[in-house]
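Comments concern the structure below.
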Amino acid sequence: MSKSFKLHSVFKPAGDQPEAIRKLEEGLENGLAHQTLLGVTGSGKTFTVANVIADLNRPTMILAPNKTLAAQLYGEMKEFFPDNAVEYFVSYYDYYQPEAYVPSSDTFIEKDASVNEHIEQMRLSATKALLERRDVVVVASVSAIYGLGVPDLYLKMMLHLTRGMIIDQRSILRRLSELQYSRNDQVFQRGTFRVRGEVIDIFPAESDEWALRVELFDEEVERLSIFDPLTGQLQHEVPRFTVYPKTHYVTPRERILQAMEEIKVELAERRQVLLANNKLLEEQRLSQRTQFDLEMMNELGYCSGIENYSRYLSGRGPGEAPPTLFDYLPADGLLIVDESHVTIPQIGGMYKGDRSRKETLVEYGFRLPSALDNRPMRFEEFEALAPQTIYVSATPGKYELEKSGGDIIEQVVRPTGLLDPLIEVRPVATQVDDLLSEIRIRAAINERVLVTTLTKRMAEDLTDYLSEHGAKVRYLHSDIDTVERVEIIRDLRLGEFDVLVGINLLREGLDMPEVSLVAILDADKEGFLRSERSLIQTIGRAARNLNGKAILYGDRITASMEKAIGETERRRAKQQAYNEERRIIPQGLNKKIGDILQLGQPSMRGKGKGRGSHKMADTTQYQSLSPKALDQKIRELEAKMYTYAQNLEFEQAAELRDQVHQLRQQFIAIS
């Protein structure tokens, strides 16, 4: 029986939180399909959502617009629910180049990808948790709308082992091979098994810290035990165990054979169409490529690019929605769309980009038309599949407002009593010199400044100018990778420099309580960077500081500026009235620095001897590494760890294990 959610927090709901929690729960219990939580920056939206999840006790999926915010949410949810299953589901590609054809230059680009094993393990862990228990929170990126294995086939492939079960060793080994586990008696790692006499050790694909030992006696399962794969130490015995497939895309042999026959029929039909249109080159290319794939599938059970035949492998009809993570979420599940004004348009845009690339491949004979069904969900399909949904944003979009029927749940008053920033509009003519004097005032009292410009060129020039005039300044732009971006934000908070200049990167989800001033240059130039929503989000970056202030430089007040200023002043007035009524004195936030990089660390390892008692490994020397270099370092340390274990030097191996664990958490946060 699955346990209930248990929320761990030193805080109690305060400000607008209790009312928001009550209204959200009331709406969900009354069967409302869509609700919108308009929560200002720093009002504790994540804490409100965590309370709703804990009170209603329903499996939940949280959709975030990017990996950085997903990692931040995952870390926060792990702290709120350390005793429950908090899982992480994002794209497992470190690098991905889809196959494509460029007709103008007659260039075919082969698919090339690099899979991150640790994130793959976390994805498998997420689906396992959804299938086995109800106290689950899965934090996902838009990767959740892409095709996954069919839950029914995935469940059918599982290997159930029970103490006392009559089964011979060969049958277990054959079933493990069908699940795509490989035998490796030398190096015991995730997704492998080893055999020693009548003992089979299995390292589950969804685990990174424990393995299963199956002990047989005369074709009977005598004992099932969980053990530490590194030290070999037995932890406890279990009466039964389910081994899940190594990949979501595993398919039974009979289904593969059936799919092959269906592919042959489609190939024959497509060849006739191409020949009728005198496309001889395309016909030859398609026949050659498809026949090769069919031979590979017959011999090995899979082929390169097998996902292009997913319609047949999953038994779907033409145009049917692909199976996704949403198919694993129970019918009474809950969906939270974080920063919905960004996430919802993303979901709508994924299908169209994918479709145009594949249509070219089909037209020129690189793929069968059925490859078009290997795709992300369409927006209508997402709407049809989504369970009860809460949209969370400081600036909800039109879609969320329409779906919620205009009935918005506001969370404007912060538990800390902090007010929205004061806003001033100043002329453009003197904006740079005026900004420089404001920076000097802030730097003198150890506060930070964010500056947002319209173009990359302007950001670079401004950075040079401020630097020449003695300001400690850095520039954040799209060419900087995620790890560097996290490092720059961390350095800003630590006071390594005082001013951060950016274009469109200083918006959703960046928690920087040290920032007391946000300067928006050329605020009167209407456009998506200076829309009402963008302005409110950017102004909100100063809302976590006691002295928060926003300066908008413009020679006129545009409609967007007027709306953004009006909305901010409305919120500020409401917050002020609440504070005066209850005699609340605003308090500054004291958020730990490096939260994202320390992803999920408070829950370091489970129970049992030696697990939770290890000292925190020192990984500071690796914090400046790029994702690629960090991945290489993890592999090196893992190789050393296994060498120590084989030499029975378990203390050194355990130290490296903890170090690897922390570096993996860091890798997730920055990739």
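First residue shown is number 1, and so on along the chain.
Including glycine, each Cβ sits where the backbone N, Cα and C put it.
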For which of the residue intervals 92-115, 116-139, 260-283 does Swiss-Prot record motif 'Beta-hairpin'?
92-115
For Gly44 (ATP binding site), what is the tally of other C-beta atoms lying within 10 angstroms of its C-beta?
22
For the ATP site given as Gly39, Val40, Thr41, Gly42, Ser43, Gly44, Lys45, Thr46, which other residues of the same chain have their Cβ within 8 Å of the site's Cβ centre?
Thr48, Ala394, Gln411, Arg414
Contacting positions for the motif 'Beta-hairpin' (92-115) when only residues 6+ beyond its ends and CB under 8 Å are counted:
123, 304-305, 357, 360-361, 364, 366, 627-628, 631, 671
Cβ atoms within 10 Å, counted per site: which of Thr41, Ser43 has the most, among these binding-site residues?
Ser43
Among all the protein chains here, how many other CB atoms are within 10 A of the CB of Thr46 (ATP binding site)?
19
What counts of helix, strand and coil residues does DSSP assign across the domain 'UVR' (631-666)?
33 helix, 0 strand, 3 coil
Counting only residues 6+ away in sequence within the same chain, which have a CB under 8 Å from the CB of Lys45 (ATP binding site)?
Leu37, Gly39, Val392, Gln411
